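According to TrEMBL, the domain 'Cytochrome b561 bacterial/Ni-hydrogenase' annotation covers 7-167. TrEMBL lists 12-30, 42-61, 82-102, 137-159 with the feature transmembrane segment.
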Amino acid sequence: MPDKSHRYSASMIVIHWLTALLVLGAWFTAEGGRKVAENPPLLHFSLGLAVLALMLPRLVLRVAGRTPEADTQGWLAAAAKAGHAVLYLFLIALPITGWYTASRMGVSVSFFGLQLPALTEPVQGRPGLIAELHENAGTIILILAGLHALMAIWHQFVLRDGTLRRMSLR
Ligand code: HEM
Ligand code: HEM
């Protein structure tokens, strides 16, 4: 079993699980097409922007070196690192492309009531490629997170290396 030094810090653990809940919440509150302009999904915007807001402390904590040593070595550790990097990329790109899409549709974006500036000029007609990327990436991240969860469960119950405890407070 990993001892305390093989665990993520309490703040990283809280941010990890909060982010997972927010991503799920953003997915369930997502709307596409005309409905967005007529009745903007403000909860979707806020939950998604909260994911972005949490990336700042998360990256600072990570760069500050508060990450436990990997329990595995070699290709498995490298694959986990690459997988985590892809998840990080999605966690940043998704909210920004969503914000950009809303601005392009001429829909104003707020974060739990706080009005935010538009990222681009509005256009008539379809919002374009970034919007499509956002919609697809919104579902792809759930698939990636599902695979990531399966890997964590495999580590825990097949390799029995206590991986889940690395992301648990107790
Ligand atoms: C949307 C959902 C999720 C996202 C975006 C996500 C993202 C991430 C990321 C980026 C890391 C790497 C952290 C770092 O090194 O800085 C991580 C680690 C981890 N995640 Fe998730 N995660 C999600 C859901 C889950 C679920 C459902 C489980 C468990 C069933 C889980 C278990 C873990 C564990 C155990 C680690 C630590 C891995 C290690 O370094 O040994 N995650 N997660
Ligand atoms: C983790 C964060 C996010 C996830 C998982 C996510 C997911 C999704 C998904 C799956 C869709 C497609 C819905 C459908 O086709 O019915 C969508 C659409 C949309 N999202 Fe997000 N989103 C996130 C963050 C955001 C943010 C922060 C904003 C704005 C500030 C935003 C704005 C939009 C807009 C405007 C659409 C409609 C696009 C269109 O109709 O072309 N999203 N989102």
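Note: Cβ is positioned from N, Cα and C throughout, glycine not excepted.
The structure displayed is predicted, hence computed values, not measured ones.
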Under an 8 Å Cβ to Cβ limit, what residues of the same chain, 6 or more beyond the ends of the transmembrane segment (42-61), are close to it? 9, 11-12, 15, 18-19, 22-23, 25-26, 29-31, 88, 91-92, 94-96, 98-99, 102, 109-112, 116
Take every residue in the domain 'Cytochrome b561 bacterial/Ni-hydrogenase' (7-167), average their pLDDT values, and give the whole-number result. 94
